Amino acid sequence: MAKRIIYNENARRALEKGMDILCESVAVTLGPKGRNVVLEKKFGAPQIVNDGVTIAKEIELEDNIENTGVALIRQAASKTNDAAGDGTTTATVLAHAMVKEGMRNVVAGANAISLKRGIEKAAGFLVEKIAENARSVEDSTAIAQVGTISAGNDDEVGQMIANAMDKVGKEGVISLEEGKSMTTELEVTEGMRFEKGYISPYFATDTERMEAVLDEPYILLTDKKITLVQDLVPVLEQAARAGKPLLVIAEDIEKEALATLVVNRLRGVLNVAAVKAPGFGDRRKAMLEDIAVLTGGQVITEDAGLKLETAKLEMMGQARRITITKDTTTLVAEGNEADVQARCEQIRRQMDETESSYDKEKLQERLAKLAGGVAVIKVGAATETEMKDRKLRLEDAINSTKAAVEEGIVPGGGTTLAHLGPQLASWAADNLTGEELIGATIVERALTAPLKRIAENAGQNGAVIAERVREKEFNVGFDASVNEFTDMFAAGIVDPAKVTRSALQNAASIAGMVLTTECIISDKPEPKENAPTGAGMGGDFDY
């Protein structure tokens, strides 16, 4: 296919145009008075969202080069979402502001490589400052505040997430389910999550989210590698007769046996899924035993004289619900409380006896998985469209609270970045020279972009608000919900430091890459040929 090659200014301008379109679409959602965006779907009802990364993923432009710009800035949002689970709109607005500011300097003749170096050094300084100004999260009030802000100022959601964290602990798991009622409810159950996903994507029952969900399944636990399909047949037949799904957790499943499971799943003979056992060596056996205790089953191991071909349903574990993604498996089981407590006690004793800090850490992980449990938030809404929107907001809120527990909280509403601008300017003046100093200035000017946009979405003059915030103390910012300046910590308007840090780092990374772009090579669109006459369906036939 023929290629289209664009150089210098034209290349950067085309990228910038794509970024402008994406940033404007995403930025309208920023802040307490941010609006929603409606996504048209080929199938099903339109989706109304307020989530930056979801909007960014939907945007595809006709022009290939502009689309490249969209893809680059989308990466800033996606990476921030992967690292911190929230802050995607902030990352997009920051990256766009840095690129805009940087373009002016490149056009004026500045060396793009030196600018990039300056941007990187400025980002490094700001990351340190964010960590310095972060407050650790000690009580559930702070957790509730973070959840409330992230869920779009929904106090009920913030309180619910704080309650969930109280019950399952900081190491526990909080998952989301679509509820059956109009109200959002919290349900805490025993459960466990481990970092192994399905072996084959064909096991996914929900292809949109790429998840496999098994309700009330049997669980086959074994520490051996399953190579022959004959080993599995007796168990598969028993599970099919019982009419329940089956989850196989084994060291590995070879091609032939795996193909049999996939075929059974696709033909609808048996709802089955397979995951590799978590951990390695002796720790794998211990974790399989943990799962067995939790689910009331047995590990089919030759050490205990048990073989797969003689396994009975009574030896299987059982769970209420199992959710498997490509990376994780979450088991929600009920009952067996006495056994679980005894197992937890045993792990605690092992922790007391061991002297290795690594072993202690791994035992602590196992204890958290066993004792922590899983909190399930059942999302309620009047319509399916509202349900999807609430679910996305809740997902952001849960990720934010976890990020806050990890690295602490900073003043929210774009306040932290705006206040760090003058500190960056004085540091850069002392430590950087020439075009590297200009690179740091690019970052410094971009730092007020999120605050300006929050103010503009609330109907205020962004530039004026940003200047007034910078004149005040570090914790004082602009509360766009009531159009007042206030102490952000006192008002409960806080952001997780991890979210702010990730947004800044990813924005700086993308901006540096775009500014150093000198040439773009893309496929030249082929002219569409007109279809020959009479080639449509139907032709000369009578029906």
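Glycine too: its Cβ is placed from the backbone N, Cα and C atoms.
Residues Thr29, Leu30, Gly31, Pro32, Asp86, Gly87, Thr88, Thr89, Thr90, Asp495 are recorded by Swiss-Prot as ATP binders, and the candidate that the same record lists for that site, out of Gly179, Gly408, Gly413, is Gly413.
For the ranges 384-403, 524-543, the feature annotated in Swiss-Prot as region 'Disordered' maps to 524-543.
Taken residue by residue with DSSP, Asp495 (ATP binding site) is part of a strand. The Cβ of Asp86 (ATP binding site) has 32 other Cβ atoms within 10 Å, all protein chains considered.
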